[in-house]
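Annotated features in TrEMBL:
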- 263-446: domain 'ATP-grasp' (DOMAIN)
- Lys300, Asp346, Arg370, Ser371, Asn372: ATP binding site (BINDING)
- Asp407, Glu419: Mn(2+) 1 binding site (BINDING)
- Asp407, Glu419: Mg(2+) 1 binding site (BINDING)
- Glu419, Asn421: Mg(2+) 2 binding site (BINDING)
- Glu419, Asn421: Mn(2+) 2 binding site (BINDING)
Amino acid sequence: MSQFTLGWEEWLSLPDLGLPAVRAKVDTGARTSALHAFAIEPFGSTKKPMVRFAIHPDPNDPHLEMICSAPMKDRREVTSSNGETELRFVIETTVNMGERSWPIEVTLTDRGSMAYRMLLGRTALDDDMIVSPSNSFCQPELSFDAYHGIPRSERHRRALRMAILTREPENYSTRKLIAAAEMRGHSMEVIDTSRCYMNIHSVGGEVHYDGRRLPHYDAVIPRIGASITSYGTAVVRQFESIGTYCLSGSEGITMSRDKLHAHQVLARVQIGMPTTAFARSPKDSANVISLVGGAPLVLKLLESTQGKGVVLAETKKAAESVISAFQGLRADFLVQSFVKEAAGEDIRCFVVGGKVVAAMRRRGKPDDFRSNLHQGGTAEPVRISRQERETAIRAARTMKLDVAGVDLLRGEDGPKVLEVNSSPGLEGIERTSGKDIAGLVIAHIEAKVAPKPSRARAKRPPG
Ligand SMILES: Nc1ncnc2c1ncn2[C@@H]1O[C@H](COP(=O)(O)OP(=O)(O)OP(=O)(O)O)[C@@H](O)[C@H]1O
Ligand SMILES: [Mg+2]
Ligand SMILES: [Mg+2]
């Protein structure tokens, strides 16, 4: 192997950290290597600890700031040249220099007052490397200009600390969201909604779990099951009160869960839907039936999901007996005109950040008017019309949901929204569309929690 010589100062890049140019001092008198870092913050789960930090790679440009993250390898006591001992985070990262590329261990420390943002110690040098202490830049020189080509959003693309609130850690959607987050360098913890407990006080609240207070998360993904809507939204509200971005807000979850509430809110902004009526008193049954145009009609329990509480009554008599059965159970329900022309099919529009990112048509079993996949239906990708697209986007926005599964029927006179789901499943839609929907969801969160460029910082000093 040809000889690899380093001078006492060299340019290098750290691709894992997204740093294209760093000027380092090579110091064989030091054992460990060190990288300048401030705002150092450990995060991630105990299984996969991470650390994130900021760095000013160019000592002469305090406005150039990069945010980096890396898996944490260790925490170690390091004694620096001035004799002070400091507990430092240790990461492993790849160094590129000239034609060579190799992994090194680096400790993180504030070198803000030093001319070299990096110190390359002897453990970072391979056996065949030779240091020539009287020479500078034996390897190709780089320039800090490399940073100016990186868009601001990328420079500040922080690794996020996220949590997913769910009672189903193993289901497809949960696993996909975790994988998509980790692939993009974030950490995602799974929190069982029902095991969160809270402490409410006027100066912001706290969320506790397993005997400890939960840390601050950059974002929380609520996937609250219908069985714990009320408690689940209380947990979400608590996260909101401490300033955590929640992918679906408590208000959106509450509104969308209650079909009646949802229909009332959607009707207010003239979103198409089947004619819907509701009543509580048995005396009003006949009137309610005629309000929606008589049989056939659809009866729905207000909190039904997966098509479980949805019944088609073909005759007025059948409708009356189902209504009296629901009333006997003291279950709240609504009565809806039957959209026959939908022919047992509905369209699920998956909305992320104000866009329909995928759509599928679901068809029920031959003898079922319900198209729910959970009832044995099938799904296929579908092209939706502009009107359908706009309706879905508007429905999600009205329900205050950044991510939503909007279900609609193709009625004679345009799309009719059936419901807006606040934690739509990913499996069916990813399978039919072939798209990485989980990745799009995570990208949306990144954009939402990205630091807003402040005018003062974005401006560069004169000269
Ligand atoms: N008014 C209607 N006219 C025709 N078909 C309907 C009507 N309402 C519901 N359906 C059919 O029944 C299915 C289930 O209804 P809906 O989506 O309201 O219930 P759900 O139990 O909340 O289901 P999900 O699992 O989608 O949350 C719909 O996907 C649709 O195919
Ligand atoms: Mg539903
Ligand atoms: Mg539905």
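One-based numbering along the chain as shown.
Glycine is no exception: its Cβ is also placed from the backbone N, Cα and C atoms.
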Predicted model, mean pLDDT over the domain 'ATP-grasp' (263-446)
91
According to DSSP, folded down to helix, strand and coil, what is Ser371 (ATP binding site)?
coil
Mind telling me which of the binding-site residues Lys300, Arg370 has the densest Cβ neighbourhood, counting other Cβ atoms within 10 Å?
Lys300
Whole-number Å distance separating the Cα atoms of Lys300 (ATP binding site) and Asp407 (Mn(2+) 1 binding site) is 15
Given a 10 Å Cβ-Cβ cut-off, pick out the one of the binding-site residues Ser371, Asn372, Asn421 that has the most other Cβ atoms nearby.
Ser371
Cα-proximity to Asp346 (ATP binding site), 10 Å cut-off, over binding-site residues Asp407, Glu419, Asn421
Asp407
Using only C-alpha positions, which one of Asp407, Glu419, Asn421 is spatially nearest Asn372 (ATP binding site)? These are the binding-site residues in the record.
Asp407
Residues flanking the ATP site, with Cβ no more than 8 Å from the Cβ centroid of Lys300, Asp346, Arg370, Ser371, Asn372 and excluding those residues themselves:
Gly307, Val310, Arg362, Gly364, Phe369, Gln375, Gly377, Asp407, Leu418
CA pair Glu419 (Mn(2+) 1 binding site) / Ser371 (ATP binding site), Å rounded to integer, equals 13
Check: min Cα-Cα distance from Asn421 (Mg(2+) 2 binding site) over binding-site residues Arg370, Ser371, Asp407 goes to Asp407
